[in-house]
Amino acid sequence: MTKLGFLRLSYEKQDTLLKLLILSMAAVLSFSTRLFAVLRFESVIHEFDPYFNYRTTRFLAEEGFYKFHNWFDDRAWYPLGRIIGGTIYPGLMITSAAIYHVLHFFHITIDIRNVCVFLAPLFSSFTTIVTYHLTKELKDAGAGLLAAAMIAVVPGYISRSVAGSYDNEGIAIFCMLLTYYMWIKAVKTGSIYWAAKCALAYFYMVSSWGGYVFLINLIPLHVLVLMLTGRFSHRIYVAYCTVYCLGTILSMQISFVGFQPVLSSEHMAAFGVFGLCQIHAFVDYLRSKLNPQQFEVLFRSVISLVGFVLLTVGALLMLTGKISPWTGRFYSLLDPSYAKNNIPIIASVSEHQPTTWSSYYFDLQLLVFMFPVGLYYCFSNLSDARIFIIMYGVTSMYFSAVMVRLMLVLAPVMCILSGIGVSQVLSTYMKNLDISRPDKKSKKQQDSTYPIKNEVASGMILVMAFFLITYTFHSTWVTSEAYSSPSIVLSARGGDGSRIIFDDFREAYYWLRHNTPEDAKVMSWWDYGYQITAMANRTILVDNNTWNNTHISRVGQAMASTEEKAYEIMRELDVSYVLVIFGGLTGYSSDDINKFLWMVRIGGSTETGRHIKENDYYTPTGEFRVDREGSPVLLNCLMYKMCYYRFGQVYTEAKRPPGFDRVRNAEIGNKDFELDVLEEAYTTEHWLVRIYKVKDLDNRGLSRT
């Protein structure tokens, strides 16, 4: 038999090949597990914000960067409009357009929509690779491979990176971990080269997502802790000063960011730590030149003077408005009740709600239990890099509890620390395995004081293997059932187990596009603005950007008012059509009736809506009901009438009266009414979307037609 010598590799080469194979499999798994939605439905954009991102990306790919940067969108926020180039983070769009043009350069003809659909899964594969390298810097390659495999399927990250989820977070998590990796390399080496690469990665992060504020506060916090623990060195000084100076200059090139890095409160911590670095370096220089007594006197004097000057200058700048205060979302992170009490538009967003305990297990499963193990290992073997990952883990744990959206920021560090924890447990017990045959064991070995060492080690390894397998099954199930359903196309199981598709949203937008005038203005709640603009190509009053609370409040006032009062508002805003989402027939719970109280709160939050009181829409016992016991104010408002018009004659379930709402589980209280100021224009197949046309003004005393 011929010996195949070329297959005989050295141990080092086998090790490298195995690592490459495992990492490649993790990257492929990361991409493929996010394709459930495409396989089950089709290549379609999900949710709401991604439709705006897709629309702007398409404009960039077709018109070029110059027109994109100077684009004024007259289809949004009528009659105000919106400047697109200066009000978005363009990293996502530029990345997609660049990939699109590169593929076309090589004559790979792919539609820009498909580039957008598959971008997040592609970057999740890149995230897997970066996670491996980052974890390797913290422990070793084994921990890195485990962390990479974990982040490939962790539901907390998949929720924002499935195929079709074309949002900023799809590439931002990759940018964030890349910045962290470069930062740790810069801290370890003290090299300007790595620090400059960290600044470039940070620039990419700034261009992609507003969450960059977390980075520019976490890195300075890391430096501050290193100072307080006596670990500050020349390496840290070079790394941070380079990252801060270069990163700040680069970040200011993003139009939406502008001068915020030197003017806003969110960035002042980074600037303050930069100043502390200079003071620390100067103090070290003086210490080397003066005797201890002279240094002590000078040090106290300088610190007192500098501290007083900084506090005075900072207070003056904030009082005069030179340094802008924290934004509402930032206040909400520090005080979870702030948005609920002061800014209802922020509190109304579901992803801004506090996280429930069950969400942690649902999105992280095994990682919840292995995270403390990895944290313990890092505390037991402290280094500059491990202090950073500890701080990342602790801070992201807090922020994820305040806002469910930030589970996305927590998921990567959970994978990293869990990978370290699992790796440490397996390494510890692997050493206790005895793979020699029992009959060849020496008597000395058999009489050991730890006779069942091998059995305990085998048991622990099997337990860890079982938990890792259940984690994989759980993650795959959550991905398939919870995070792979595009909100634009809904599905349900029929009585015979078959899948029923509800395509009402696209049906309604298609009708709007082809059956309404080009200059028609559509009023809907802000959730659906991006979809209407992108798919129906019609002008809308408010959308998901939510930059003008007064304008949104005006729409809320119209929805919460009687027909007569609402008609005045609609004529004032030049509304042609009104669109509402209604789930009473199909059982769709995310409809406008369930969102209605937020319309009331936001509508009543401005001066023009002071007459709208939330308590008026409750029963005397404090209940929100749509049946006969419901508040008369609710039963006669515009939103109620648009949703339930003609619904009183519809049978929704067997043995139930007509007009039975399957979401609220109640027979509606106001059935027999007609619309005075609106006329029904279109209702989709399953009544999910209802469109009404606003009647013209009275003509010399005649009724509206």
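Glycine residues also receive a Cβ, built from the backbone N, Cα and C atoms like all the rest.
Sequence-distant neighbours of Tyr530 (dolichyl diphosphooligosaccharide binding site) (same chain, six or more apart, CB under 8 Å from its CB) are Phe48, Asp49, Tyr51, Phe52, Arg55, Asp543, Asn544, listed in sequence order. According to Swiss-Prot, the dolichyl diphosphooligosaccharide binding site annotation covers Arg405, Tyr530.
According to Swiss-Prot, the feature N-linked glycosylation site maps to Asn537 (among others), an assignment based on sequence analysis. In this view, Asn537 (N-linked glycosylation site) is surrounded by 15 other Cβ atoms within 10 Å of its Cβ, with every protein chain counted.
Just so you know, the Cβ of Asn544 (N-linked glycosylation site) picks up 18 other Cβ atoms within 10 Å once every protein chain is counted. DSSP assigns Asn544 (N-linked glycosylation site) to coil in the three-state reduction, outside any helix or strand. Annotation source Swiss-Prot lists N-linked glycosylation site at Asn544 (among others).
Packing around Asn548 (N-linked glycosylation site) is summarised by its Cβ count: 14 other Cβ atoms lie within 10 angstroms of its Cβ, all protein chains included. Summarising the annotation, Swiss-Prot assigns N-linked glycosylation site to Asn548 (among others).
What Swiss-Prot lists as motif 'DK motif' is 592-599, and the listing cites similarity to another entry. Taking Cβ pairs closer than 8 Å, the motif 'DK motif' (592-599) reaches residues 344, 348, 525, 527, 555-556, 559-560, 580-584, 614, 617, 624, 626, 634, 639-640, 643, 661, 663-664 in its own chain, all 6 or more past its ends.
In three-state terms derived from DSSP, Asp49 (site 'Interacts with target acceptor peptide in protein substrate') belongs to a helical segment. Residue density at Asp49 (site 'Interacts with target acceptor peptide in protein substrate'): 19 other Cβ atoms are found within 10 A of its Cβ, drawing on all protein chains shown. As annotated by Swiss-Prot, site 'Interacts with target acceptor peptide in protein substrate' applies to Asp49 (among others).
Residues annotated as site 'Interacts with target acceptor peptide in protein substrate' in Swiss-Prot: Glu351 (among others). Glu351 (site 'Interacts with target acceptor peptide in protein substrate') falls within a helical segment according to DSSP.
The DSSP secondary structure for Lys595 (site 'Interacts with target acceptor peptide in protein substrate') is coil. The site 'Interacts with target acceptor peptide in protein substrate' annotation in Swiss-Prot covers Lys595 (among others).
Among the features that Swiss-Prot reports, topological domain 'Cytoplasmic' is placed at 1-17 (among others), with the record citing a curator's inference. Over the topological domain 'Cytoplasmic' (1-17), the average per-residue pLDDT in this prediction is 69.
If you look up Swiss-Prot, you'll see 39-119 (among others) marked as topological domain 'Lumenal'.
Proximity of distant same-chain residues to the topological domain 'Lumenal' (159-169), defined by a Cβ-Cβ separation under 8 Å and at least 6 residues beyond the stretch ends, is recorded for 34-38, 43-47, 49-50, 53-54, 57, 89, 91-92, 96, 116-121, 123-124, 208-211, 363, 407-408, 479, 482-484, 486. Feature annotation from Swiss-Prot assigns topological domain 'Lumenal' to 159-169 (among others).
With a threshold of 8 Å between CB atoms, the same-chain residues lying at least 6 positions outside the topological domain 'Lumenal' (207-211) that come near it are 89-92, 94-95, 168-169, 171-172, 175-176, 254, 409. Summarising the annotation, Swiss-Prot assigns topological domain 'Lumenal' to 207-211 (among others) and lists a curator's inference as the type of evidence.
For the topological domain 'Cytoplasmic' (229-233), same-chain residues at least 6 beyond its ends with a Cβ under 8 Å from one of its own Cβ atoms are 190, 223, 280, 384, 387. Taken from Swiss-Prot, the feature topological domain 'Cytoplasmic' covers 229-233 (among others), and the record attributes it to a curator's inference.
Under the heading topological domain 'Lumenal', Swiss-Prot lists 260-267 (among others).
As annotated by Swiss-Prot, topological domain 'Cytoplasmic' applies to 288-300 (among others), with the evidence given as a curator's inference.
Annotation source Swiss-Prot lists topological domain 'Lumenal' at 322-356 (among others).
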Select one residue from Arg405, Lys595: among these recorded positions, choose the one with the most other Cβ atoms within 10 Å of its Cβ.
Arg405
Helix-strand-coil residue split for the topological domain 'Lumenal' (159-169), DSSP-based
1 helix, 0 strand, 10 coil
Between Asn537 (N-linked glycosylation site) and Glu351 (site 'Interacts with target acceptor peptide in protein substrate'), how many Å separate their Cα atoms?
27
Distance from Asn548 (N-linked glycosylation site) back to Lys595 (site 'Interacts with target acceptor peptide in protein substrate'), taken between C-alpha atoms, in Å:
19
Highest Cβ pair tally under 8 Å against the transmembrane segment (268-287), stretches 120-138, 192-206, 301-321, 407-428, 454-473, lands on 301-321
Can you say which of 212-228, 234-259, 301-321, 357-379, 386-402 has the most Cβ pairs under 8 Å with the transmembrane segment (192-206)?
234-259
